[in-house]
């Protein structure tokens, strides 16, 4: 069952849990067991990456947290802040594809969550433009999605996820389809946003390098049905920047994460 | 680079011009040959009228023919509006409930595959004439709207649907902001077909009604002129019907282009 839980006190919320999954499994109608049993706790403001081979249930974890699908067993708890009024307010979702509505402008795409929640038009437009500015697309509010590059579309998608000011940002391989330069730039921008907004981010990726660069914790998953293989904390001098990407510590972490990931691919331990 | 672009642009412009010039040339040559054959062989107008006589008849009989044109166009418009509203509304109902779809869809198909010319005499018995003619236009035209709209409503991007679910969209919001816009290119495609078909439906019904002795549409004029061996007027009425069909198609294609030009592949042209 999916339950909402508000943190008991404001002081505790600094270290309070944002998301907790307990003994969660997911079996599809076809009988394929995609996940679990899977346990995960994410603290408020944490940036964690889920890393694993294709089909290991990483996306399923996000869909369960977003309540887009229900677990076959176990519990999913998502903490929501008090006084929440808008549905879906607590969670922003960035899909692998930009998933924009091609028939309307970038501004209207970003305003969509507010529009669905009944926020007045003027306020919604102002907030949409604010969100666009935060991803560096202030000048493109009137453009249509097809007029933008792949990286810009992804930024619009990110702005839409941020426009409701969610506590938790779920990102499902958002930069997988982009070229490396664009991807690095978006990685840096995402880190900057995370530092200023302090959202809880759960980031699904295929890339060892991306996961180590971005996150405070890398959760390595096994092949299907997905379980936790390793939970590696990435500790370095914050704020991270390009110098971290070229440091010895970075390559050490990448090696450790790769080693943890290897059994998921070969089926046997190489540690 | 620029010179090369200009070099490829020039043949492309020439090609576009030829796409217009060639059919017009063929048309003019055909008319000329027709006119010449009729004059040289001295074929009487009641067998085959020359193009010049057809045009003269069109001008001479304009009072009668324009009246008939207006009648037929009005019938077509009524049938088209009924088909559009009915087809889209039925598709929306089907989309909301599988049970309704399973119950009614076979009958929509039956209505579509039964030739309307065979239904028209029955309709004329049970309904008032003008109503019967509009119903014929509706029967012929509504199916493409229904099936295209159904296809469009079922073609919504899965991730976008998930997004709407995530943000707690009501069924009405999902319909208004997601399903209808996503289905719009398909709906417009259906309407484009329906426009021509409702003209056909109107004509078929008018001919059926004409033999019953009443009516004043263009198709009725054709039938009536046939009995009187007024062949030039038959051709003039036929010409007007063709022009009406072309205009209907052109208007609907233009509307479709204007609505979709900012986002849909079909309207973006080849430059992008």
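Glycine too: its Cβ is placed from the backbone N, Cα and C atoms.
All annotation found in TrEMBL is predicted automatically rather than curated by experts.
Database features, via TrEMBL:
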type	residues	note
TRANSMEM	B:20-37	transmembrane segment
TRANSMEM	B:43-59	transmembrane segment
DOMAIN	B:69-256	domain 'ABC transmembrane type-1'
TRANSMEM	B:71-92	transmembrane segment
TRANSMEM	B:104-125	transmembrane segment
TRANSMEM	B:132-153	transmembrane segment
TRANSMEM	B:190-214	transmembrane segment
TRANSMEM	B:234-260	transmembrane segment
Ranking B:20-37, B:43-59, B:71-92, B:132-153, B:234-260 by the number of C-beta pairs under 8 Å to the transmembrane segment (B:190-214), which range is first? B:132-153
Short question: which residues 6 or more past the ends of the transmembrane segment (B:20-37) have a Cβ under 8 Å from it? 43, 50-52
Who are the long-range neighbours of the transmembrane segment (B:234-260) in its own chain, taking Cβ under 8 Å and residues 6 or more past its ends? 49, 54-55, 57-58, 61, 65, 68-69, 72-73, 76, 184-185, 188-189, 191-192, 195-196, 199, 203, 218-219, 221-222, 225-226, 266-267
Given the transmembrane segment (B:132-153), its same-chain partners at Cβ distance under 8 Å and 6+ residues beyond its ends are 75-76, 78-80, 82-84, 86-88, 90-92, 94-95, 108-109, 111-112, 116, 119-120, 123-124, 126, 179, 182-187, 189-191, 193-195, 197-202, 204-206, 208-209, 215, 217
